[in-house]
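For reference, the structure discussed in these notes is given below.
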Amino acid sequence: MFLYFTSTDLDSTESPFMADPFAPLRKSVTKEAPTPRYLGRYSGKLYPPPSRDMTTRLPEFLPDGPRPFIPDPSFLPGDQDIIANQGDVAVLPCTVQHLGTRQVSWNKVGGEHFLSIGTEVWVQDANLEVVHYTWPAGVGEWNLVFREVRAQDAGVYECQIISTEKIIWKVKLTVVDKPPHKPEIRIEGKSFVESGQSVYLRCNTTEGDRIPDDVDWFKDGDKIEAKEYPNVVITKFRSRDTMSLVSELVISPGTSNDSGTYICRSSSELIASVEVNVLVADSSNVKRGTGVSHTQIGSGYNAGSPLQNPKIYFTGNVLLVCLSVLVSMCINRLNT
């Protein structure tokens with residue numbers, strides 16, 4: 001068996017039995033620009049050479065001079081013990097200064113999840129909301145609000161600034177039973193009204209734990225109806241805060257016919273009454289201490305008395321003198 005080698009396969013400087021396997025690579029590539037087929041390692045180096053940092057970083061531009069001082073966020077003093085009646089609105093305050101780009105969260109001590117982050121509520125509870133207010137000097141409020149607080153809402157809550165350090169503000173919420181309202185009814189308004197002015201009466205009634213269904217108005221025992229009393233306007237509205245029904249009666253303008261006893265009666269038969277007097281004064285009466293009055297109390301001034309009016313007193317004396325002179329002249333003529 002014979003082995004045959006050509007000059008193109010072997011290096012002329014080497015032995016036929018010591019062929020250089022990298023001879024084709026050295027002939028076809030250069031150190032400056034290797035061909036795509038032989039990209040990789042050659043001559044003990046990696047092409048292209050790797051950079052020290054393979055990640056791309058944007059250049060950082062710092063302003064001239066020292067950096068501005070940014071204070072750390074902090075909580076401002078506030079109420080940390082909130083007591084609310086069951087069913088009322090409860091507000092847990094949390095006021096932060098210099099918050100910057102950080103977020104504020106609320107959670108209940110012992111709970112597993114955040115209640116809110118920022119103004120977003122993270123639990124399925126329509127009774128909760130976060131009310132945010134912004135004030136000058138980098139001050140902001142992140143108040144946790146219970147629309148209708150319940151007994152199970154009582155506990156300790158934490159308002160936390162989300163950062164590397166744990167900065168929290170604790171607020172204790174105590175829920176107490178709302179005291180029951182006693183059934184009552186009352187009327188407010190003026191008992192004496194001058195003619196031409198409006199008569200205004202306000203009836204406020206409650207049945208304790210519930211709002212009355214309705215109230216009726218009466219004048220001198222007769223129920224006030226729109227057809228019989230067209231000048232009377234009656235309005236009604238309910239108040240959940242006081243569990244009461246409020247009705248207002250307005251007569252404008254008031255006349256002497258509107259004087260009488262007005263009664264407000266609730267649907268639970270609670271009754272309150274008031275006596276209304278519409279004062280009618282003629283031109284000779286004194287109103288609010290001015291003018292002339294026929295009625296005198298004590299030592300008052302009477303312009304009709306001749307002793308109090310010197311003009312009338314003087315005129316009367318002159319007439320008497322003239323009458324005396326005429327009488328004497330007639331007597332003298334008769335004698336002659």
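Each residue, glycine too, has its Cβ placed from N, Cα and C.
Here TrEMBL flags 71-161, 183-277 as domain 'Ig-like'. Taken from TrEMBL, the feature transmembrane segment covers 312-331.
Over the domain 'Ig-like' (183-277) the predicted model carries a mean pLDDT of 91.
Look at the domain 'Ig-like' (71-161): DSSP puts its residues at 3 helix, 46 strand, 42 coil.
Each residue of the domain 'Ig-like' (183-277) gets a DSSP state, and the totals for helix, strand and coil are 3 helix, 54 strand, 38 coil.
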